[in-house]
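As structure tokens, the structure follows; a few thoughts come after it.
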Amino acid sequence: MLFYMLLSYAAASGPSWLIAASFQTTVVAGMLCAPLLYDDVRARIPRAALGVGVLIIAGVLLMQFGHAQGALDAKGWIALLCVVASAFAYPLGNRGLLLHLERTGVELNATQRVFGLTLASQPAWLALAAWAWLQAGPPSSSQLWLALGVAISAGVIATILFFQATGMVRDNATALGAAEAMQAAEVIFAMLLGVAFLGEAWPRGQALAGAALVVAGIVLFAWIVAHDARRSAREADALQTDRGS
């Protein structure tokens with residue numbers, strides 16, 4: 001819930017592609033949270049993956065300052081801090097839930113995990129909705145339809161797919177970081193949809209260069225995971241050969 005609240009608040013301060021790009025700090029956030037959650041080999045922060053994460057962060061900052069012509073105002077900094085806090089809350093909650101299920105020996109699929117998180121947070125959501133009703137009144141029909149679309153596409157479909165992906169690689173720190181990094185692709189989709197449907201301007205100059213760095217980070221993460229997979233396969237083959245001889 002904290003993730004959605006902070007991200008929604010920040011979304012009112014700038015174009016969609018800018019908020020989407022800033023949220024990519026979750027790439028580094030997930031890895032930095034690992035030592036706080038795990039007490040085994042997964043607590044180690046992969047250096048190569050962290051390096052790529054820093055590259056993505058550099059792209060995010062470049063987009064932020066490019067959008068603000070080199071300087072962020074107070075509203076921009078508040079929005080950036082909200083997005084960063086949201087970026088830490090997301091992997092912390094997901095990884096924490098996976099670790100809890102692992103320690104208790106309970107197996108839940110992605111759909112069950114999303115349903116459990118949704119059900120447990122309902123009281124807080126209802127309280128927030130009641131407060132918003134008192135402050136701004138009931139939502140319009142267009143807002144209801146928009147909220148329904150976001151809930152189905154992002155809250156149900158995308159979240160279930162993401163939870164499924166992270167659950168499949170929960171024991172591989174690099175692959176888990178890469179799965180979280182794939183969210184960086186949303187920058188491109190947010191940019192295209194914002195320009196097409198919301199009348200937002202195309203990113204230019206520093207902002208465009210920052211977007212390119214974010215995309216480059218995705219490609220590098222994919223390469224690192226593939227490289228680690230090939231190395232693990234070679235080590236397994238070598239071990240099997242030694243045992244056979």
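Using N, Cα and C of the backbone, Cβ positions are placed for all residues, glycine too.
What TrEMBL says about a protein is an automatic prediction, not a curated fact.
Features as listed in TrEMBL:
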- 16-38: transmembrane segment (TRANSMEM)
- 50-68: transmembrane segment (TRANSMEM)
- 74-93: transmembrane segment (TRANSMEM)
- 114-133: transmembrane segment (TRANSMEM)
- 145-163: transmembrane segment (TRANSMEM)
- 184-202: transmembrane segment (TRANSMEM)
- 208-226: transmembrane segment (TRANSMEM)
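Most Cβ pairs under 8 Å to the transmembrane segment (16-38), among the stretches 114-133, 145-163, 208-226, belong to 208-226. Note on the transmembrane segment (145-163): residues 94, 110-111, 113-114, 118, 139, 179, 183 of its chain, located 6 or more positions outside it, place their CB under 8 angstroms from a CB of the stretch.
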